[in-house]
Amino acid sequence: MSPRRRDELLVWRWSSTVTMTLMTIVGFLSFTWPFFVSSESTLATSNDAPWLFPVLVGLLCLVLVAQLSGGTMDAKSVAVLGVLAAMGGALRVLSAGTAGLEPLFFLLVLGGRVLGRAGGFLLGAFAITTGAFLTSGVGPWLPFQMFAAGWVGMGAAMLPAVRPRLERWMLTAYGLVAGLAYGAIMNLWFWPFLGSSAPSGAGFAATASLATQLQHYAVFYGLTSLGWDLPRGVLTAVLVLLACHPVLAALRRALRRAAFDAAPTFDVRTSRGTSEDFVG
Amino acid sequence: MTTAADLLSRPRLLHPVAWWIWGLLLAASATRMTNPFLLLLICAIVGCVVLQRKEVGTRNALGLFIGIALLAVVVRVAMMVLLGSSVGGRITLVTLPEVPLPHWMAGVQLGGPVMLAGLLDALYTGLQLAAVLLCVGGCNALADPRRLLRYVPATLYDAGTAIVVAMTYVPQLAEDAASVRRARRLRGHSGRGLRELAALVVPVLENSLERSISLAASMESRGYGRVTLDRSARRRATALTIIGLAGVLVGLFGLLGGPTPASLGLPVLVGGLVIAAMALMTGARRDQRTPYRRDPWGLPETLVVLSGVVPLAVVSVGLRRGWSGIVPAQVPATLPHVSVAIALALLVAAVPAVLAPRTPRRAEREDRRRLRPPTDPEQGPPISSLRRDPELSRSKA
């Protein structure tokens, strides 16, 4: 089951929807601006324009995290997000250097599914940040990675609620797609840095049409990173397929147990089943 | 012997925010130039400051960044050689055999002549990327990014706490995994192989979730999260965030050549960013949490930041005035001219190597080395007293 509204780890307010929508558009443009830029605009002609976007995305990512976490995070969500982000960071450090084999995404997909939209986004962002801090690898790529990983976690939470058996296959397919899409979009942030000197036919040319740009990018992507992204997508899918049920069950049980402020309800018919709600 | 740094401040760790501002300003100067000599000068400055002012015994993050920077240059040049470039020029270095490609890849060229101008351009812009990466790597080495977590504004306090929790729990995860594995081996499993690794997943997950619940319970019982921003501050932050984001979006459309007039693009974008940043700062003044041992911001911090401002200002003025040698032309390919003014301005950024306070452990080591030759006991402070000084022995807290 997809988390019901009241089961989500963090409250999702209307302002979260507005902020997230605006940020998603800005973030999407920050990733894909090479495709949309018109030839006579300042971005196309200026030399240091590509550097605008790491700064922009970095600052806005902080704003978004503040908006999603502000006022809604209590001790429980801090602890759960912290411990899960620790697992994500550890997985990321372990997998550093192995070509594309990143088991982190498996945690993001399943964790995001259980934690809900805000929790899933924050899990992705925190796990990436923890991994970066552990390796002292805080660079201009970090904001983009936080954003993309947050999307992966949030996307898993936004998939429809289905029966458990179907959910397993749905998450497996999602893992495959997310692993591939993450790589495709993460290449975009530094593609324009290749600038004017980029190879003809695979480089960013601000004057070219959208179709040409897409074709160039496809060539660039196929040449440089498909070999890295395919293993990641497949690994994520396989891990989700194998461990979906036990991991989801463990996460859901933990969240239910951590509901300290759940109001006790005494229902004559189900009173035997709800005793777990008071454990904590 | 007293160094200039010791006159300004006793040995201590510089405020991490000062180091990061310095490095990012230097990176910003690097983004505005493609002159290879100036870019190499920036790399040398970063390396020199890191050698002089990195705390002894901390991880050297610069190595990682040097690796990535070299990779960036190599990938760039290799792609240019293999796939050609759009720069043009007349001098052909070598002609590689050209591989015929199917027609749907029209415009892509594999192999063919390698032009000098294209090669130089790939090298210069690759160097630019490398210099920026080195500046960021220098920040990582000089001030561990974890120390920045203590300076997050009040609106990000919860997020900062979650990341601190995460960093604390990573070592325990390794212990968990080791103990689960030990238990399995005691029960007669081999403890090796993929299947055994998979068997670790659920016990480790259960363990750490268990731990998170007890952590949450103990935080809750100590009143964590009861002091938060009041409602009006939160509402103001939300309003500022949305207005700021809308501004950023409108500005971005202008910059990309959309319906917004292009001249409006950048101002609106910057205005939106400022408003969004204000949303982050909302309520920071009324935050009631007390900090523990904040690093002081003194004269050395201001000097370090200023030493980063000078090169950026000079390079920006130079670009506007059209000085030669900041962005050299590759067609025709000539040796880039190096302007003395710009080189001097860049050298100002190396001042922290001399003026920033020495780090405690490095200072202790240097003083010990200086005192080791048998001198008479009246001269200089004995090492034991240096060690007992609580301010000195305080490492990165």
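Cβ atoms are placed via backbone N, Cα and C, with glycine included.
The transmembrane segment annotation in TrEMBL covers A:12-37 (among others). Tertiary proximity for the transmembrane segment (A:12-37) is limited to same-chain residues at least six positions away from its ends with a CB under 8 Å from its CB atoms, namely 5, 43-44, 53, 56-57, 60, 63-64, 67-68, 72, 116-118, 121, 144, 147, 151, 154, 185, 188-189, 191-192, 204, 206, 210, 213-214, 217.
The annotation transmembrane segment is assigned in TrEMBL to A:49-69 (among others). Tertiary neighbourhood of the transmembrane segment (A:49-69): same-chain residues 10, 15-16, 19-20, 23, 26-27, 30, 33, 42-43, 118, 121-122, 125, 140-144, 146-147, 189, 192-193, 195, selected by CB-CB distance under 8 Å and a gap of 6+ residues from either end.
What TrEMBL records for A:75-94 (among others) is transmembrane segment. For the transmembrane segment (A:75-94), the residues of the chain that approach it from at least six positions outside its boundaries are 9-10, 102-104, 107-108, 111, 115, 119, 122-123, 126-131, 133-135, 254-255, 258-260, judged by C-beta separation under 8 angstroms.
Residues of the same chain lying 6 or more positions beyond the ends of the transmembrane segment (A:114-135) and with a Cβ under 8 Å from any Cβ of it are 3, 7-12, 16, 20, 61, 64-65, 68-69, 72, 77, 80-82, 84-93, 96, 104, 107-108, 142, 145-158, 248, 251-252, 255. Annotated transmembrane segment per TrEMBL: A:114-135 (among others), in sequence order.
Same-chain residues lying 6 or more positions outside the transmembrane segment (A:171-191) and placing a CB less than 8 Å from one of its CB atoms are 30-32, 34, 53-54, 100, 102, 105-106, 108-110, 113, 141, 144-145, 148-149, 152, 155-156, 159, 204, 217, 220-221, 224-226, 228-230, 232-237, 239-241, 244. Taken from TrEMBL, the feature transmembrane segment covers A:171-191 (among others).
If you look up TrEMBL, you'll see A:233-251 (among others) marked as transmembrane segment.
Outside the transmembrane segment (A:233-251) by six or more residues, the chain places 100-103, 105-106, 109-111, 113-115, 164, 167-169, 171-180, 183 with a CB less than 8 A from a CB of the stretch.
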